[in-house]
Structures are given as structure tokens and as C-alpha cells.
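Working notes, structure below.
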């Protein structure tokens, strides 16, 4: 997406604490360029107070231009851009609460319709990547929303500045799992509060909310993005193996919440919490990588044929291949079912009938669960198809 703008564009000054109906249809307003964004964030100082604007209305109108939406209730917009450090007006926390849920549901609907054969596990990973603090913080950063936040917390400026500088140095702008500088939560909170404000202003119309915010969320993280990006858990194991460190990940449930805790040589390193076990592991692994990056270099690379990356999406990928080739869907069968000292072990096979006379068959590796065994057979089927030049 081209984020270039005209040379005369300037960031509006930051608002100090003391801000009719939908806009006619028009193209979205131009975004600030990367240079403009980083010039603004580099000007932030943890010791410098916020600079007042000549008019709160100008600040609010600028936000409306970014959203390409004009609020009927201006108080909602003012509330959405008021941080808790400002005490002269209700803060954005309530709107953030409803915005978080609304954006999550809107993304869920989109993914459900976009990937009709994707399994719930993979849909959860995709949704998490698109509504994570990391993703939404980058959206706020790219659209320059932080400059309009009414705040009285100079320490936030330093965190946002550090994050902005780190993002500016990245080669790949579509980072699905996040970089090594933790995204400031305030950036994601601001985006969610604006989503909540719009959602309330459109009378809780989820479809209208999605129409307004879909463009802001671009590029939306896709299944291919997740497969191509280095996966934090895999990176962590490879990194620790390289430096002869022992890594261990423990998982347990606390009510409906999954908790993942990572130990490095039996010392607590990081933890993560989420509704989904795999997402909790991702959160913990990202935090562990950030901490380890202070000790030794973390290379953001991984073998693209890594089984750990591909197994998660192998069945979905194989379904997509069959659909494209106009083959019937694969048939999975349990070939081996036995018990061992490690518990139950399974081996599954995948079959694809590509013609009346020809059926492709592939067995997978031994796994602890049937679904994983099916994914393993799908993974090996894909590799065999590549080697046999079917793909």
C-alpha cells in the first residue's frame, strides 16, 4: 500500500488535556509518509510536556479524516482519544472494551467467510495475528493516531518513540508475530477505543464498522503470511539449541485461560496468557525472544520447509491444492494406533484419488494425537507432490 503524501502535509500538534452526520463519500485521506511519522516520534521527549493545539476541533477533524468517517456524537470521539492520564473527561477505557470485542468479531466473520475449509485452530491463530496488540499498535503507528491522543504521560512518548524507531529499521513491513521491541499497549488501546466509538456511533452495526475499519487494518494477515513468517516458538528452540541452552515450555489452565511459562536452564524467562493454548505459547515465546535479544543476536530466519511451521496448516494447504487441481478432498485414515511409555501414538495416511486409475498415498510420522498425525501425512503429501512436479 502506498502511504506517500503531498509535501505540504504536517503532523498536527499533540493535544493537551483541558475536544453532524456521516461524511459524503470520498476516497480515504492520504496517510502520513514513514518519514513524517518517524520525524514526529523522534521529536517526542519523556521530559517534554504535550504541545497544545489551537483547536480541539481541528484534532478531532483530523482523526475523522483518517477514519474517513464523521461522528454524529462528537463526545464519543473525544472520549476515544482521551487517555487515563487526563482527568478532565472520561477516558477511552469503556470504548476500548467494546471496540476490542467488536473488532474481534468483525475479523472472525471475515476469516470465517474467507477460509471456508480452515479448521478452528488455524482460524484462531489468524484472528489472533490480526487483532493482537502488536498488529493494532502498528496500525495506529502507521496512521499517526498517537499524535491526537489527549494525554499527560510523558513516559508513553518515550515508549512509542522507541517502538517507532524499531519499526522504521525493519526490512519487512508485514511482521505477523512482531519485532523485538514490545509494542506499546497504548497504541492498540487507542485503535480499539476508536473502533468502539464508531461502533456505538453507528448504533452497533457491525457491518458498517467493518466497512469503515477494513482499509485501516490492511494489510490483513493471511494464512500465507503466517506460513512465511518465522514462528516465535520455533525460533526460540533453534536459538537456544544454537547457544546450547535448555528451553522448556509448561502449559496449564486457569479457568478458561491458558497459561504458558518458559524456562531457560530451569530459570523463569517469560510467560503468556490467552484463551487459546497455542496463542499463549506464541505470546510467551515473543517475550522470551525479546529478553534473549539483549544477551545474544536473534536471527529472524527459519527454514521454509520446517515441519513445525508447516504442520499447523498442512491439511488446509492440501485442501487448497486439491481445490485448485480440481481433485477430491484427501481422505485420512489411522494406520497405526498403539500405546507406549509416552502414551498413545498414532500414524495416519492421506489418500487423494486424482484419476479413476490413480490414487496418491502417503503415510505421516508418528504423533501423540490423531489430528497431528493427519497433519503430518498432509505435510508429507505436499512435499511428495512438489518433488513429483505435481505442483
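Keep in mind that glycine also has a Cβ here, set from the backbone N, Cα and C atoms.
Over in Swiss-Prot, the protein carries these features:
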- 7-26: motif 'Nuclear export signal' (MOTIF)
- 60-203: domain 'RNase III' (DOMAIN)
- 96, 189, 192: Mg(2+) binding site (BINDING)
- 185: site 'Important for activity' (SITE)
- 218-294: domain 'DRBM 1' (DOMAIN)
- 240-322: disulfide bond (DISULFID)
- 313-387: domain 'DRBM 2' (DOMAIN)
- 371-387: motif 'Bipartite nuclear localization' (MOTIF)
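Mapped onto this structure are the features recorded in Swiss-Prot.
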residue : record                        : contacts (Cβ under 8 Å, 6+ apart)
96      : Mg(2+) binding site           : 189, 192, 193, 196
185     : site 'Important for activity' : 133, 137
240     : disulfide bond                : 246, 247, 264, 292
322     : disulfide bond                : 328, 329, 330, 352
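Same-chain residues with CB within 8 A of the center of the 96, 189, 192 CB atoms, the Mg(2+) site residues themselves not counted, are 92, 93, 95, 97, 99, 100, 188, 190, 191, 193, 195, 196. Secondary structure at residue 96 (Mg(2+) binding site), taken from DSSP and collapsed to helix, strand or coil, is helix. Residue 192 (Mg(2+) binding site): 26 other CB atoms within 10 A of its CB, across all protein chains. Assigned with DSSP, the residues of the domain 'DRBM 1' (218-294) fall into helix, strand and coil as follows: 33 helix, 24 strand, 20 coil. Cβ neighbour count for residue 189 (Mg(2+) binding site) (all protein chains, 10 Å cutoff from its Cβ): 24.
Across the motif 'Bipartite nuclear localization' (371-387), DSSP assigns 17 helix, 0 strand, 0 coil.
Following the DSSP three-state reduction, the secondary structure of residue 185 (site 'Important for activity') is helix. Averaged over the domain 'DRBM 2' (313-387), the predicted model reaches a pLDDT of 87.
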